[in-house]
Amino acid sequence: MDSRVQRIVAGLNPQQLEAVTHSGAPLLVVAGAGSGKTRVLTSRIGYLIASGRAAPGQILAITFTNKAAREMRERLESALGGSAIRTMWVSTFHSACVRILRSEHDALGMRSTFTIYDAQDAQRLMKLVCREENIDIRAHPPKSLSRRVSDLKNDLVTPEQAADDAADQDSQVLAHAYAAYQIRLRQANAMDFDDLIMSTVDVLRSHPDVADHYRRRFRHILVDEYQDTNRAQYELVRALTGTAEDDNHGELTVVGDADQSIYAFRGATIRNIEDFEKDFPEARTILLEQNYRSTQSILSAANGIIANNSGRRPKRLWTDRGDGEKIVGYVADSEADESAFVVSEIDRLRDDAGISYGDVAVFYRTNAQSRAVEDMFVRSGIPYRVIGGTRFYERREIKDALAYLHAIVNRDDTVSIRRILNMPKRGLGAKSEEAVAMHAARWDVSFGAALCDVGDPHPERGPVSGIGKKASATMAGFVSMLESGREMAEAGAAPDAILDFAMEESGYLDMLRSSDDPQDESRLENLAELHSVAVDFHKANPDATLADWLDQVSLVSDADQLADGDEGEVTLMTVHTAKGLEFPVVFVTGLEDGTFPHMRSLIDPAELAEERRLAYVAVTRARQRLYITRAAARASWGAPQEFPPSRFIEEIPDSLIDWRRSESSADAMRRSGGRTGTWGSGGRRRSESFGGGYGDELDDGPVVGSGKGFVPGKLGVDAAKQKRRGKQAGAARGANRSGAANASAGVGESVSDAAAGSPGLGAADGAGPNAGPSVPDTYGLAVGDSVVHKSFGRGKIVAFEGTGRNTTARVTFSSGQTKRLALRFAPLEKI
DNA sequence: CCCCAAGCTTTTTTT
DNA sequence: AAGCTTGGGG
C-alpha cells in the first residue's frame, strides 16, 4: 500500500475506516458530536487522491464556514502537498455558487460584476420596493417581507409560484413584493444570499450543458453539516451529483448529525438527513458514536437532554475516557451575579487546574447576553474576545466604505449608490434622490444609469427633471468620482488603493476626522482596520481584483474571524457560532425558560426541539469541564424580569451535577417566608432524593411540557424593589407565577447542602432560611464618602442600591458622569 | 436641506 | 438601554 494511504488510514476506528474507504454508492456518515467527523471527511478526500481513485480537480467539498474550509485545505495540504489541492474546490455553498455563477453569468443572464447583497442590503431594497409599489409598510414591514422572501427562495419558490399559491391577501402582498423585489434586484445587477443558491440550481436545471460540465468535473462531492442544508442546497447537491440514471453521476458523501440541526430558521430541514436513504435507495449509512472529545459526564448530560426529543434516530455517544469532573451548576440572582460566578471560576481554574484563558469559552443564546459577561470581565481584568454580535462588516462606516467599492465595480448597484449618494452630506437630499428614482422608473433603467443622465443626458432619455442646478453639478461630480475609481479598478489597481481613493476623494475621511463625535474616532479606526484587511488580501492574492476582494468580504461569517490558537483570551459567543468548535472548559449561561430555550420557541414543539438540539450542541463543545448557569432575574429590554429554570437543566441527570448554588435569593426567601408550600418554590431543582435519574423525569415530563408558555411581561418586577418589599410581595408573586411557570413548581422542599453551606460567591445574603431581611453591604463605605476609582478617578458616593453582595454604589465622578458600580468588584478606594 | 429631539421598536439564532 | 425613524424648527 502507498505509504501516504497508510498514513491517512492509520489510527482510524473501524467505522471511520469504512467511511474513509467506502466506494461507489452514496454515503451517509451519521457522526455524533466529537466523533471525528472532520477527520473522516479530510481523510476520505486524502484517501481518494492518494489511492489514485480521484484527481484533486474532481473533488468538491462543501463546508459550513470559510474557516472550516480553510482548515480542511490546510490539513490536506500537509497530507498531500500544496500542488495537489490547488484545483480542488473546498468551500461553503455560497462561495462555490458565486464561483459557478461568475463564470456562468451568460446562462444566468447577468453581468459577471453582480453585487452580493447581505440581509441588510436586501431589506433596504425591499423598503424601496414597498415605497414604489405602494405597499403599506405598517401592515407589511419590509424586514418581515424580506425574511419571508428569503424563506421562499430557500424552498426554491419562484415569484410566479408564490403568486399562484397565495391564498390570502397577506400572501398576495408578499408575492407581489417578491416579484417586484426580484425585478429591482436584477436591475441593480445584484443577488442576495439566497439567490446565490437558487440561481445556481436554476442555471444547472435549465442548461443541461452547464450541468453536464460540472458533473463531469466533480466526480466526488462531499458535504459537511448536511443536517443544516435547506431545500435549495439539497437540490443543488442533487443537480451537481446527478442521479443514478445519469451515466456520469458523481459519488456523494454527506456527513451530519440530525441532533445538531440548529438552522431551521434559515430554511434548513432535518428531512434532508433523515430521508437520505429514501432519496438515495442504494445509500450506505455508517454511524460514528464513539466520542473522542468529552468526558462521560458531559456526554451523559448531552444524552440526557437530547433523549427528550421525540422521533429521532436513537444514538448514544460514548467515550472510553472516563467520567471526568462533575458538571458544575450555579443559580445566580441576576446576570451580573452569573457573570461574577463565571469570573470567579475562571480565576480558580487558572490557579488550581492549570487552565489558561484560551481554554475557556462562555456561551449564550443571544448576542445581547454578552454584555453582562463583558462588563464583569472588564472589571475583573479578564482578557476576552467576543465572536459575532455587531459584526465588523455590518458597521455603518464599513458598509459605507464597501458601498463605494460596490458602486465602483457595479455601476447599477442601486442599494449601494443610494446609500452613499449623500454620505458624507453633499446636499443631495430625499428630493433629488427621488427625482433620479422617478427618472429611472420612467425609462426602466437602473438608478445608477439615471444618475448618469443628470450630468450627461442620454440621447433618448434626456435629462432628469426636477433637479436644481447646484444638485445637478454635485451629482455629476459624484458620478465622475465613481468613474475615476472604475478606471483605477480596470487598470488593475489594488483593492486597498481604490479604497484609499474612494475614502479620501469622497470626503468621507474628512467628515470623520473633523467630527467631534467620539464615536467617529473608532469609526476611523475601523476603516483603518478595513484598509489593512485589503492590504493583507492584496499581499496574499497579488493578481486578485477589487471584485474578488468584495466577494470574499461579502461571504465571511462570524466563525471565520475566530483566529486559531488564541491562547490568552476567553472566547465569548452564541451557541450557534460555537457549532463545530470545542474547548476544554465551557460555560453555558442563561439556562432559563425564556432565555434558553428562547421565549419565542416555547409555544411550538418543533421550535422547542430545535432549542434542545441547540442545548445539545452547547454542552457537547466541552472537553473536560462543563458549567451550567442560570440567573433568576435578567434584564431584558430595560427592566429586570424573573425567569424560571430552563427545562433543559431538568433533563440532565441530577447525579451528574455539582450544584455550587442551587437556589436564588428570591426563591429561598419565598420558600422560607411562605406559610405553606402550596404556591410552590420557584428555583429549587430536584432535591437529592430525586437524583436517581430517568424515572423522575418521566413524571416531570408532562408537567413541563404542558406549561402554557411563559409570559414574562406579566412577571416583570424590579428585582431590587421586590427584595425590599420582602416576604409578602414574594409570596404574592409566587402564587402568580406557579401557573405560568409550573416547570419548576412544587418539586424540592429542602435546600441543598451546596446552597446552604457553600462559602464565597455562592453564599448570597438571603440564601439561607435564617438570613432575615436583606441589607446593603457597603463594604465600610457611606453616602458622601470621597472615593477614587482606577479608571474613573475621584468621585463621591451619592447612594447605595441593591442588597448584600449585590450592593452597588452610585458615584458621581469629577468628570461629571455618574456611574453605578458593584462594590464587590469595583476598584474603589476611600480617600 | 440639515439638525435635533422625542418617541418608538428592539431579542433570536446566520450564510 | 440603545439605536433608529419621524417630525418639527431653523
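Using N, Cα and C of the backbone, Cβ positions are placed for all residues, glycine too.
TrEMBL annotations: computationally assigned, not manually curated.
Feature annotations, reproduced from TrEMBL:
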{"type": "DOMAIN", "residues": "A:10-295", "note": "domain 'UvrD-like helicase ATP-binding'"}
{"type": "BINDING", "residues": "A:ALA31, A:GLY32, A:ALA33, A:GLY34, A:SER35, A:GLY36, A:LYS37, A:THR38", "note": "ATP binding site"}
{"type": "DOMAIN", "residues": "A:296-580", "note": "domain 'UvrD-like helicase C-terminal'"}
{"type": "REGION", "residues": "A:663-754", "note": "region 'Disordered'"}
{"type": "COMPBIAS", "residues": "A:728-754", "note": "compositional bias 'Low complexity'"}
Relative to the mean position of the Cβ atoms of A:ALA31, A:GLY32, A:ALA33, A:GLY34, A:SER35, A:GLY36, A:LYS37, A:THR38, the recorded ATP site, which additional same-chain residues have Cβ within 8 Å?
A:VAL40, A:ASP257, A:LEU288, A:ASN291, A:TYR292, A:ARG293
At 10 angstroms around each C-beta, which of the binding-site residues A:SER35, A:THR38 has the fewest other C-beta atoms nearby?
A:THR38
Per DSSP (three-state), A:GLY32 (ATP binding site) is coil
For the domain 'UvrD-like helicase C-terminal' (A:296-580), would you mind checking the mean pLDDT of the predicted model?
90
As a test of the contact definition, list every same-chain residue at least 6 positions from A:GLY34 (ATP binding site) whose Cβ is closer than 8 Å to its Cβ.
A:ASN291, A:TYR292, A:ARG293, A:SER294, A:LEU317, A:GLU582, A:THR620
Among all chains shown, work out which of the binding-site residues A:ALA31, A:ALA33 has the most CB atoms within 10 A of its CB.
A:ALA31
Within 10 Å of the Cβ of A:GLY32 (ATP binding site), how many other Cβ atoms are there?
25
Specify the count of other C-beta atoms within 10 Å of the C-beta of A:LYS37 (ATP binding site).
23
Check each residue in the chain of A:GLY36 (ATP binding site) that is at least six apart in sequence and keep those whose C-beta is under 8 Å from its C-beta; list them in sequence order.
A:LEU12, A:ASN13, A:GLN16, A:LEU288, A:GLN290, A:TYR292
